[in-house]
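Notes for the one structure printed next.
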Amino acid sequence: MAILPGHMEGISGATVSGYNMGINKFISEENINASIVFINFIFSREIQKHYVENNMLSTGMNQLYKDREVCEKIDCELYNSLQILSKQTNITFNIDEYNEKVKSIYNKFIYGNESAEMVLKEIEDITKIYYISLSTEDSYIGLVAFIVYCTTSALMIVSLLFLFKEDYTPFFEFLPTDFWIITILGEILILSIGISGMGQLKEELCELKPIFFSFGYTFILVPLLYRLIINFPEEIYFPKWVYRHRYQFFLIFILIDFLLNSIVLLISPFKIKTINVKDGQNFNKCIIRSFFGQVILWVQVFYILIITIIILSLSFIEWNLHATFYDIRFLISALYIDILSSAIYLFLESITINNYLSYYVVRGSILFIMTISNYSFLYGYKLFSAFLKKKNLKLVFIKKINKNFVDESDNSREKSAPYNTNTKIEGNVSSMNTLDDQNKSSTDYNNDEFRSYRRNSIFSKVLSYHYTTEGYSVNDIGIQIYDEDNEDKDNSISI
């Protein structure tokens, strides 16, 4: 008998195992004392020496392998050269099954055509836990995902600089500047959920996912909710309060998130589960350990769902308002993609995927699609429009002033000519009357159309809001900017 050879001289290995012994704590004190006497007897030097000399067991008393009498009967040099390793009982749930797998894989090399490299890889895969990392030893996916995350996040942050350029500000009037920044941070938090799964999985990392999810969606949805509330097409108190106290309004939702996430951290609902893949690559995943933990996480989901439903309802009410006509349509597109992506993501959490690369890539791709769609429909298209249509606001303002000055001069000269005065006045009165008649006719038509919907029910009132094109808004304060493309048309741009 000899020690196992290692890959370097002087390196070997030997598996050690033993027996477990225990004493029942419910037995009488007399039996406890008897048990102590028995244990002292079994582990005494004399009894251990007797067993070793007669090859009845291998003892843990290393000094016995230096005893002259013992070494005359057994190979003490072999025992003293052993490099002890414990069995892998903490990784595989069935050590006998593990041993059978190792033997069958060895036979592929000894009796088959498998290379030593392939055989050792298969043996390693029995107990190895795979995970995504920046290392390219097993896969390049972790490195690629990290580069994509960093690049996307950096581009989003850099694009915020355009909020502070004067020529671009009219295109981002849908939200205040600080709320645009909060929205982009929310999108980065959603994207970060995928990166939180890199490296060896721990319970702390599992708890980060619902935290990033809840705060990320709050940062995205609450600014949109704020805008839709203050854009409500009827003068009521609540939109005014929200407009004047937007930080307090935002803080209410942040406090709700803090409360829910504090409960998550307190109860620590997650645990790590190892997915053992037969003839494949094992990996870990986060699972919820208790029913109460599931309840808290579903409360977070329903909380976000309620905000989404309110936003969809307000979007329907304000669907035809000219001030936010295109903004609402892009907003709805982003929300629909979010709802679909979130449903797919939650569904994937309930099924088993036995490939760790697919498990990571599919979830990461869904989060990436959600982030890019939110950014594109809420912020990106505005940035694109600004690149195509931006104007020098100072120059436009100066031209507007000059035009008004010229118009006033012409009016003064016309007033100083007596023979034109009556004609001009009559013409103006006639034009104004014609315009008033047109407006009145148009208004009467709209009123007739809306009157058919105006009933005492809430549903009919909602429909009347839905078809309203102009309405009260606490954010209506703006300035008139001269449109170079049409000298006869003024555009109202809120800044």
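Positions of Cβ are set from backbone N, Cα and C atoms, glycine also.
Taken from TrEMBL, the feature domain 'G-protein coupled receptors family 3 profile' applies to 139-371.
The transmembrane segment feature in TrEMBL is assigned to 140-164 (among others).
Distant neighbours of the transmembrane segment (179-199): 131-134, 142, 145-146, 149, 152-153, 156-157, 159-160, 163, 172, 205, 208-209, 212-213, 215-224, 226-227, 246, 250, 360, 363-364, 367-368, 370-371, 374-375, 378-379; these residues of the same chain sit at least 6 beyond its ends, with a Cβ under 8 Å from one of its Cβ atoms. Annotation comment: TrEMBL describes 179-199 (among others) as transmembrane segment.
Annotated transmembrane segment per TrEMBL: 211-229 (among others), in sequence order.
A Cβ distance under 8 Å defines the sequence-distant neighbours of the transmembrane segment (249-270), meaning residues of its chain 6+ beyond its ends; these are 179, 182, 203, 206-207, 210-211, 214-215, 218, 222-223, 226, 242, 286-290, 292-294, 296-297, 299-300, 303, 307. Residues or ranges marked as transmembrane segment in TrEMBL: 249-270 (among others).
Per TrEMBL, transmembrane segment is recorded for 291-316 (among others).
Per TrEMBL, transmembrane segment is recorded for 328-348 (among others).
Counting only same-chain residues 6+ beyond the ends of the transmembrane segment (360-381), those with a CB under 8 A from a CB of the stretch are 132, 141, 145, 148, 152, 156, 159, 180, 183-184, 187-188, 190-191, 193-194, 197, 220, 224, 330-331, 333-334, 337-338, 341-342, 344-345, 348, 353. Annotation comment: TrEMBL describes 360-381 (among others) as transmembrane segment.
What TrEMBL records for 428-445 is compositional bias 'Polar residues'.
Sequence annotations record features per position, and here TrEMBL assigns region 'Disordered' to 428-448.
Residues 210, 213-214, 217-218, 221-222, 224-225, 228-229, 231-232, 253, 256, 260, 263-264, 267, 269-270, 328, 331-332, 335, 338-339, 346, 462, 466 of the same chain lie 6+ residues outside the transmembrane segment (291-316) yet bring a C-beta within less than 8 angstroms of a C-beta in it. For the transmembrane segment (211-229), the list of distant contacts is 174-175, 179-180, 182-183, 185-190, 192-193, 196, 238-239, 242, 246, 249-250, 253-254, 257, 260-261, 264, 300, 303-304, 307-308, 310-311, 314-315, 318, 324, 327-328, 331, 374, 378: same-chain residues at least six beyond its ends, Cβ to Cβ under 8 Å.
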